[in-house]
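These come from TrEMBL:
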- K101: active site, for sulfotransferase activity (ACT_SITE)
- K101, G102, G103, T104, R105, R184, S192, Y294, K310, G311, R312, I313, H314: 3'-phosphoadenylyl sulfate binding site (BINDING)
- C295-C305: disulfide bond (DISULFID)
- 92-336: domain 'Sulfotransferase' (DOMAIN)
Amino acid sequence: MLFKQQAWLRQKLLVLGSLAVGSLLYLVARVGSLDRLQPICPIEGRFSGARSQAEFPLRALQFKRGLLHEFRKSNNASKEQVRLHDLVQQLPKAIIIGVRKGGTRALLEMLNLHPAVVKASQEIHFFDNDENYAKGIEWYRKKMPFSYPQQITIEKSPAYFITEEVPERIYKMNSSIKLLIIVREPTTRAISDYTQVLEGKERKNKTYYKFEKLAIDPNTCEVNTKYKAVRTSIYTKHLERWLKYFPIEQFHIVDGDRLITEPLPELQLVEKFLNLPPRISQYNLYFNATRGFYCLRFNIIFNKCLAGSKGRIHPEVDPSVITKLRKFFHPFNQKFYQITGRTLNWP
């Protein structure tokens, strides 16, 4: 009899132990990584909502973000579910406005590591597209992801930076919005721009000029400023148009070259600019030797690398053309440093 009771007790303890371990693993998966299980500071002075910020810690946002992921995954959230969970579609409080081939997608995905940030997955092209802009601000709002009032929505459309009408249009929506510009060394960016177009042409079995023929005017042997890839890299010319509407304090310059090789310091600067409590850590970023880039770790279960189209191999370019382009960009770069207050390590 005693033996049976002991056997029954051991079996009971085994079941209870299994339930406890299962519950612990479930909580870890839903709340976040093990190294994040620590006291979390509340969000400070940035977001408004029904609950006070002191009552809404980051861990709560992180847990609720898991619910958001489930809604997006199931793609069938009812209006009642949306209402019960206080979900809203907010206009962005920050926009990555450019530049093309500067690392806008990488920046957006990395900022999405922060539990208080929700990203628009697609480029909206609202402010740079007349047809979309004519649909109105509510159309734009409905293109935003569902989020909680205490979270910050961010979108990115790199064409915004170079499109003349965009600064005024964004100003009319929100004159105090935060604007992020990610830049790379201008000649490298221009070649990257060319490489993306070249790949598209080759995919359609079309021929395309060599970079040298497009970047250098054959008649004058000078840099061809009519070539869009060159024109986009004259950052100061575009920035001056934005400064007619926004003070420089509303812009943050991200070093796209450094984001590739050493992303965490750049992301920490952006957290500070957006008044977010520091939350992205080295744990969230791991180097993938096969890809040659940093990938993202959200928790012990979910990792993500950027699309395979990122990091295309650039064609070889005549060194004399590279030298000519760098000499051309140099005075514009110096002015860019002066205006923004950030000096970048460009030749």
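Just so it is clear, glycine is given a Cβ too, placed from its N, Cα and C backbone atoms.
Nobody curates TrEMBL annotations by hand; they come from automatic prediction.
Just so it is clear, the model here is predicted, and its values are computed rather than measured.
Annotated features, which come from TrEMBL, shown on the structure.
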{"residue": "K101", "record": "active site, for sulfotransferase activity", "contacts (Cβ under 8 Å, 6+ apart)": "P158, R184, R189, S192, D193, Q196"}
{"residue": "G103", "record": "3'-phosphoadenylyl sulfate binding site", "contacts (Cβ under 8 Å, 6+ apart)": "I182, R184, V254, G256, L259, I260"}
{"residue": "C295", "record": "disulfide bond", "contacts (Cβ under 8 Å, 6+ apart)": "L285, Y286, F287, N288, N303, K304, C305, L306"}
{"residue": "R312", "record": "3'-phosphoadenylyl sulfate binding site", "contacts (Cβ under 8 Å, 6+ apart)": "S192, T195, Q196, E199"}
{"residue": "H314", "record": "3'-phosphoadenylyl sulfate binding site", "contacts (Cβ under 8 Å, 6+ apart)": "T188, I191, S192, T195"}
Discussion item. Let me check the 10 A CB neighbour count of S192 (3'-phosphoadenylyl sulfate binding site). How many other CB atoms are there?
Written reply: 20
Practice prompt. Would you count the other C-beta atoms found within 10 angstroms of the C-beta of C305 (disulfide bond) for me?
Written response: 15
Discussion item. Applying a 10 Å Cβ distance cut-off over all chains shown, what neighbour count does R105 (3'-phosphoadenylyl sulfate binding site) have?
Written reply: 17
